[in-house]
Every structure is written in structure tokens, then in C-alpha cells.
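Undergrad: Okay, handing you the structure first.
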Amino acid sequence: MEKNPITLLILNGKSAGNEELREAIGELRKDGYTLHVRVTWEYGDAKRYVEEAIQLSADNVIAAGGDGTVNEVAAALAVQPEAVRPCLGIIPLGTANDFATSCQIPMEMHNALTLAIKGRATDIDIAKVNDEHYFINMATGGFATRITTETPAKMKAALGSASYVLHALFRMDMLQAERCEIHGPDFHWAGDTLVIAVGNGRQAGGGQELCPEALVNDGLLELSVLSAKELLPNMLQAWFTGSENQNMISATLPWLEITAPDDMTFNLDGEPLTAKRFRIEVLPAAIRCRLPPQCPLLE
């Protein structure tokens, strides 16, 4: 008789009262599935729970939260030995859920939980930044980063992903270029930029598709740079509607380095990182993740 998998679900504390998820967990437990639930309250909790999952010989670790929770769990999994590394499952419970949305993970709790436990396991890439930071979805710099990091929590709770767009319109006074230089294999660019996006996934900032051709299992990252030469109206149209912009600089690279004369801040799946130099490289097939068969981010 095939044993049911052991699953440890890591739940962001902000969503601890989600009744729909509680009911879904109860239903799967009645069906014989072993589910352990742990709740995070501060940074570092997810890493400890991943280590606990390995001690339990868990088959799955589920990140139940937003993009930041998924990031923290994925990063903790990536540094574990492959032989004992559980498979990642995702339940979208955040403000934007950009990675889950672009992967077409169900928003309904029972379907998402079932996928996270029983779905097809697929090798996927993640990205490493400056040898010690990670992202599974996207790193963004420039105006987009300032908007997503400074949007008030109450606005995000009330309006969801629309809060980022609204806050951007309120804060056009922040719109200023940052000078930097970017190079990678057969690629070099230098100048003033308003937005930089390095995507393993396709969208960030509450649904803005900044890297529309990115795939999570091709061993590459998609780079998109919006030059400060671009006029504001066209920039807004391209950013908010996803329309094609001929002044957007794009490349597909296994690694790249970004250097700047002044500090820049990049948002790594919601976590800010400030430096003058960033080395970003893809880690091919770094973890296994349970994704729907129709996931558009797979080759």
C-alpha cells in the first residue's frame, strides 16, 4: 500500500485565521494525509520550519502566504542537500501573489492544498544574489521597488494588488532615474534607468508583467530595463498595461552584474536589498515544486 505523503505547512501569521484553509486541512487529514502546521511570526521562522520538515522526513513543505513567504521557504529549501530536500507547494494568501498567479496556482484553498500535496513535482530554477540572498520570482529595482516597498500595509489589505498602482500615482514625485551599469554574457548596458526587472517569474508589483517571456525551468533569467530616456506617459502605459515598448531593453542571461555609483535597492520577492553591486545568477533545477500541468512558466 502506498503511503500518504508527510507534509509540513508553513503559514504566514497574518493568515493564521483563514477558515477556508483550516477546513481544507481538516478534509485532507480525514482522507488520511499527514499535515503538520507551523505559523511564522518573524523572519527566520520559515528556515527553522524547513529544517524541522527534514527531521520529520517530510515529502512536502508548503508555503502558505504571499510572495515573501514563498521566497523565504524556497531559499531555505535551496540550501538543503538534494537527497533530503522536500518538494515545495504554494498556497496563495498574500496581497499580490505574483508568483502563484503567473503559475496559475488555484486561489481556492482546497484545490491549492491538493495541488501542493499531490500535484506533479517539477524541477525549477531560483536565483541567487550576492552569494547569500535568493529570489524565486523577480528582483526589481528603481521606481517600481520604491512603490512596492513603501505602499502602506493598510492600503494593501484594503485594495490588494491595485494598491500598488494607486500608490504609484500618488508618488510621482519619487520618479527619478538611477545610474547603473549592467553586464553579462554578450551583454552590456550603461545609463540612467527608471525600472530594472530580473525575472525567473514574469510578474511583480501586483500583476505588472515586467518579464513576459520568463520561464522557471530554462536555466535563464529575463532582464528588462526601462531607460530614463523614455517619456513618462509611454512608461506608465507600458508598465501598467503590459503593452509593448520599443524603448524597453531586454536580454536573457544565466547571470548578470549590476553596479552603481550610489546605493540601489532591489526588491527580491518583496524583501529589500541595498548595495552598490549586485551579482545575480540562476541556479538551474535548484528545487522541486508542485505546479499545475497548464503552468505557462514551464518549457
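Backbone N, Cα and C atoms are what each Cβ position is placed from, and that goes for glycine too.
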Undergrad: According to Swiss-Prot, THR40, GLY66, ASP67, GLY68, THR69, VAL70, ASN71, GLU72 bind ATP; which of THR34, THR95 is also listed for that site?
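TA: So, going by the record in Swiss-Prot, that would be THR95.
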Undergrad: Is THR40 (ATP binding site) helix, strand or coil when read with DSSP?
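TA: Strand, per DSSP.
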Undergrad: Here's one to test understanding: among the recorded positions LEU215, ASP218, GLU271, whose C-alpha is closest in space to the C-alpha of ASN71 (ATP binding site)?
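TA: With Cα distances computed to ASN71 (ATP binding site), the winner among LEU215, ASP218, GLU271 is GLU271.
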Undergrad: DSSP secondary structure for ASP218 (Mg(2+) binding site), reduced to helix/strand/coil, please.
TA: coil
Undergrad: Given a 10 Å Cβ-Cβ cut-off, pick out the one of the recorded positions ASP67, ASP218, GLU271 that has the most other Cβ atoms nearby.
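TA: Compared across ASP67, ASP218, GLU271, the most Cβ atoms within 10 Å surround ASP67.
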